[in-house]
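Notes follow the structure.
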Amino acid sequence: MAATTDVKNYKFNHSMIRVKDPKESVKFYEFLGMSLLKKLSFPEAKFDLYFLGYDAPGGAVSAGANLWDREGLIELTHNYGTESNPDYKINNGNVEPHRGFGHTCISVDNLQAACQRLEDAGYKFQKKLTDGRMKHIAFALDPDGYWVEIIGRKPVEETEGVKETDLKTYRMNHTMLRVKDAEKSLKFYQEVLGMKLVRTHEAKEAGFNLYFLGYGDEKQNTADREGLLELTWNYGTEKEEGFKYHSGNEEPQGFGHICVSVDNIEAACERLEGLNVNWKKRLTDGRMKNVAFVLDPDGYWIELVQNERFTGQANF
């Protein structure tokens, strides 16, 4: 294993959300076409982790790769006992005063058919295709009330009237986080974590910008990608003294972190140390010596984990 690190080898591996009842949550994400790729149990610490992702050959870009050599995974964290606690409720990141994380997003073949299939199965929507002005996106609700954006990879006019949808073509496209200061966040994700800015959408009349970042080929159509990060910046928040987004890790909890897998965990952490990042957990802290957590400018947690392809050894 090389003693250096190259951001060209980094991958936006997964986004973690806490769930109340893993059976219901796994069922929902499997209904969206994902496969349960791995379950890690930590009974002594009283929690389990479920890693889900798209795995169809010819569909998902990461299909068949080892868990840490993929992009666009969702990690569900279940703390034992929450499923039978009537008072336990997740913070989905979209309700004041605890906004921060916004949604995950699935890109599909035929948008109308994909949304109809979810509706027919009894799943609820935050926004149906027919709601509001934006007729080309929908937001489904998972069992905990997290928003899952559904977008089409073809123009909506082209898929109007199409009744079939093929789950094998679905991709986990992006994760959205709200940021206070776009300039600071873009600098961090590009210069510190090595992502590239692949698309910017300015909605000046509505007062916000969207920035899509990721690793790999920035020329690829964003709707065809997996594992992008969408930063939402609402104009003026950078000037508001005391303004802060909720990281999801203080009460009330919900979203936990995003995770980047790297070629050499020690060298990557050393590089970040040299860039004076803020640490939540260094490699040497705590019991888990194979993961680290840095903080982005808004205090969101970013996990760093070894990509096993570069070591040939299992992380867990």
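Glycine residues also receive a Cβ, built from the backbone N, Cα and C atoms like all the rest.
TrEMBL: automatically predicted annotations, no manual curation.
As annotated by TrEMBL, domain 'VOC' applies to 11-153, 171-307. The Zn(2+) binding site annotation in TrEMBL covers Glu230, His257, Glu303. Look at TrEMBL and you will find Glu303 tagged as active site, proton donor/acceptor.
Under DSSP, residues within the domain 'VOC' (11-153) fall into helix, strand and coil as 26 helix, 54 strand, 63 coil.
There are 23 other CB atoms within 10 A of the CB of Glu230 (Zn(2+) binding site), with all protein chains counted.
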